[in-house]
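According to TrEMBL, the protein has these features:
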TRANSMEM  7-28  transmembrane segment
TRANSMEM  34-51  transmembrane segment
TRANSMEM  63-82  transmembrane segment
TRANSMEM  88-105  transmembrane segment
TRANSMEM  112-138  transmembrane segment
TRANSMEM  150-169  transmembrane segment
TRANSMEM  176-205  transmembrane segment
TRANSMEM  225-245  transmembrane segment
């Protein structure tokens, strides 16, 4: 696999991870009517931030990796419970992927990226299937009632969710194009949530980006396909957990190397 695709995919999944794991729900709860604007403003902040901030020191990387691993584990477990806890096949599939990514994390950064690249291709296919299925359920009138009370807080929240995982990477490894692509996907996902569920109703669900999948008409034909369409979001969580573990482990190994005396 091409190294550029691997690096792109890793940045893409890391940027998506917290948003996919209940992040959209938090954003809608805070500022439902302006969530779309929050994503746009937060993305602009993120681009400037990622381009200017240098690579974090190893100690800060380790602390951030530990915190993201802790938060990511909690959010991933809760998201898993809300989405596919009763779907045995999906649970087994995710378990295999989780074990595989942890195995790759014992080696090099590039190999995790290559694995993320394979998942990225699956994500593209399932995302297109999801969008096609949701188009008949679009209700333009649901997108109404804008308010600007919490736009600053919402923008900051999205900025933090989308950029913090990318700080685990070195500055030269942060793919800005992947970051913008992930934000564009978040924007389209939020629009579909509002168009299918409505602004008010979407704020009542802890996982609206999963609930909207039940609106797709052909889901009634194939049982539990909504879990498979939600697979890309869960993959983002798996990549976050794996790379956080990889970062903490790598920094600890580096700090334990004996220093050579001159």
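Quick reminder: no glycine exception, Cβ is built from N, Cα and C everywhere.
What TrEMBL says about a protein is an automatic prediction, not a curated fact.
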Six or more residues beyond either end and a Cβ under 8 Å away: which residues meet both conditions relative to the transmembrane segment (176-205)?
7-12, 15-16, 19, 24-25, 27-29, 32-33, 35-36, 39-40, 42-43, 46-47, 50-51, 127, 131, 134, 137-140, 142-145, 158, 162-163, 166, 211-212, 215
Looking only at the recorded stretches 34-51, 63-82, 225-245, which one has the largest tally of CB-CB distances under 8 Å to the transmembrane segment (7-28)?
225-245
Do any residues, 6 or more residues outside the transmembrane segment (34-51), come within under 8 Å Cβ-to-Cβ of it, and if so which ones?
24, 27-28, 146-148, 150-151, 154-159, 162-163, 166, 174, 176, 179-180, 183, 186-187, 190-191, 194
Please indicate, using numbers and ranges, the residues of the same chain that are 6 or more beyond the transmembrane segment (150-169) and have a C-beta under 8 Å from a C-beta there.
10-11, 14-15, 17-19, 23, 26-27, 30-31, 34-35, 37-39, 41-43, 45-46, 49-50, 53, 56, 61, 64-65, 68, 179, 182-183, 186, 240, 243-244, 247
